[in-house]
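Report on one structure; see the data block that follows.
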């Protein structure tokens, strides 16, 4: 970060300010853009005030100022003198935006970053002088904030604005937190109903000849089927294709649906429409990850819920639990995402913890107990029908695997993605590439090696860790640390809920039973307690390595433990399944293997192995770090009393995000290279990085990174948050605290 990137007042207070200051126009300088840029009255007030000046004063227009001041870089001494009062700038949006980009955006990417070689100083006219007096805005951070504010003002159609200097010099921790809470969550929120089905129903991964909005409605929701058919009739221009799903979902059926891929319906609620005066259906909202991920995703939603709760958006977190329960009830599982080609594929299960966290915030509201009951019943059904059933359950070890059933090439990727893999098989059968893919998908040619490959490929995608050398070509055989830690948490949570909230007996309605549990009319806590104890015993037997102080995945086919060191070993601490002795071993032996400059890395460099042209980097391997690994680790460390470790690692992760945010025009991305101090958002592995490619201003960040930021701030004390606001590296902060502590000890001794 360049020396002038941050203004001198950014570290003032925990949030950069002790309270929101009222601007001279009577408004909060940190208002939401809907309010701040939604009303042009502030500019009119400035103009009216000027008209009230003595008529003996010479009248100046904007061209006069340009002729007087020109475009020269004026000395700081010739600018508006420093004032104790917050400045406001009177700005012509289009002209200023054009001039700013011409001067400062040297690489012409519509962003102002530390890599641009402009003068890093830009003069603005003050509102108090009607633009006559000028003031320099200096440094990458303030200039990029100016670009962002002008871009947003232009989005709102504003030609002129009065802009608070405080909005440019705002403490970066406060600014990013505010953007996440007030803007990013809203930008990432979706509903599926007639008002937006045209956009939501379209799929960029629809490779068919006739891509069109299409929605599949489960047979158990006839009211939705009627609703969407009505929408299709009322709006024929949408070309909306409404289909009812079959009652039985098989791999063959899902394969056939790939010819007509579509959106899967989610939960709806009845709402009164003030415009029509009638009650109609509205989609229950959900938060999407961002970028090209525009559906309800499985474990992304849990991670996002942690941030939503930290942002006091309990309504959205609750709504996503409701959507998950709908998915389990009608589709049999929490889906990878709500698209037809994901019908046989799930994702890491977090429903019980998610529901309990939401319940803790709504427990005094009407219907809270019904909400908890419904969520736990759904989790029990998912546990039995998905994770404790074939093909995911390994009957020998008693542990579970990611092993999604399916047929053929995964349709969400273009077939050309597997060109290198499939071409030799096509040549073997004397077929063109597309012809072979079609023949293979429909069983006209048999290739057991490909069957094995795609079984593991689907498993990797179900694990959420796509892709990693830890899982490649073997995932479907692995009883992984992460999945079995999550299922242990399910077992413990379900036992506690039944015991504490339902008097140790939870009645199971017929719709929440599975073929294997059709005769189980109620559940008791003791059964689930025993399951948790058995799972821990099996994990300690098959997965725990005493010498290395960590858990490893277990290959159920080879019947041996793997040796890939993965940060998922720390999920066991999050789940609470380790003993205090094991926790101590993980902190002293395992954690140092994963701790890097920017937090926890997905896996060790040694485990990943050499990479190069013929063995490219995978995004879930070293040197990349992901928000889920960080949040679960912090929570696990704090759970076992390792608060210092939790704070240190949270600080490192948040510092890395903050520094990229300050230096690179407000960027917030899907994943980071936790070994790169300068530009950690630069990730070239596989699919690139979501959240990088924006023009002028970031609109949404990325779901689980947004969550990790506001959730992580809750881990830090006030002193750490102030240091973070000054973009202080952990090492500098730690040394300062240690030195301060040493001085205090010496002072006490001298007394």
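Backbone N, Cα and C define each Cβ position, glycine as well.
According to Swiss-Prot, the features are:
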- 1-15: compositional bias 'Polar residues' (COMPBIAS)
- 1-42: region 'Disordered' (REGION)
- 64-78: compositional bias 'Basic and acidic residues' (COMPBIAS)
- 64-88: region 'Disordered' (REGION)
- 105, 107, 109, 111, 116: Ca(2+) binding site (BINDING)
- 292, 299, 300, 336, 345, 346, 347, 412, 461, 464: substrate binding site (BINDING)
- 466: active site, proton donor/acceptor (ACT_SITE)
- 670: active site, proton donor/acceptor (ACT_SITE)
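Within 8 Å of the centroid of the Cβ atoms of 105, 107, 109, 111, 116, where the record puts Ca(2+), the same chain has further Cβ atoms from 104, 106, 108, 110, 112, 113, 115, 665.
The recorded positions recorded for this entry are 107, 111, 466, and the Cα of 466 lies nearest to that of residue 300 (substrate binding site). When the Cα of residue 116 (Ca(2+) binding site) is compared against those of the recorded positions 345, 347, 461, 466, 670, the shortest separation belongs to 670. Between the listed recorded positions, namely 105, 107, 300, 466, 670, the fewest other CB atoms within 10 angstroms of a CB are found at 107. Highest Cβ count within 10 Å among the binding-site residues 116, 461: 461.
Here the Cβ of residue 109 (Ca(2+) binding site) has 16 other Cβ atoms within 10 Å, regardless of which shown protein chain they belong to. In terms of local Cβ density within 10 Å, 345 ranks first among the binding-site residues 292, 345.
Residue annotation for substrate gives 292, 299, 300, 336, 345, 346, 347, 412, 461, 464. The furthest Cα pair among them is separated by 19 Å. Comparing the Cα of residue 347 (substrate binding site) with the Cα of every entry in 105, 107, 109, 111, 466, these being the recorded positions, the smallest distance points to 466.
Using a 10 Å radius centred on the Cβ of residue 347 (substrate binding site) and all shown protein chains, the other Cβ atoms total 23. In sequence order, 105, 144, 147, 664, 665, 667, 694, 695, 696 are the residues near residue 111 (Ca(2+) binding site), counting only same-chain partners six or more apart with C-beta under 8 A. Among the recorded positions listed (107, 109, 466, 670), 670 has its Cα nearest to the Cα of residue 292 (substrate binding site).
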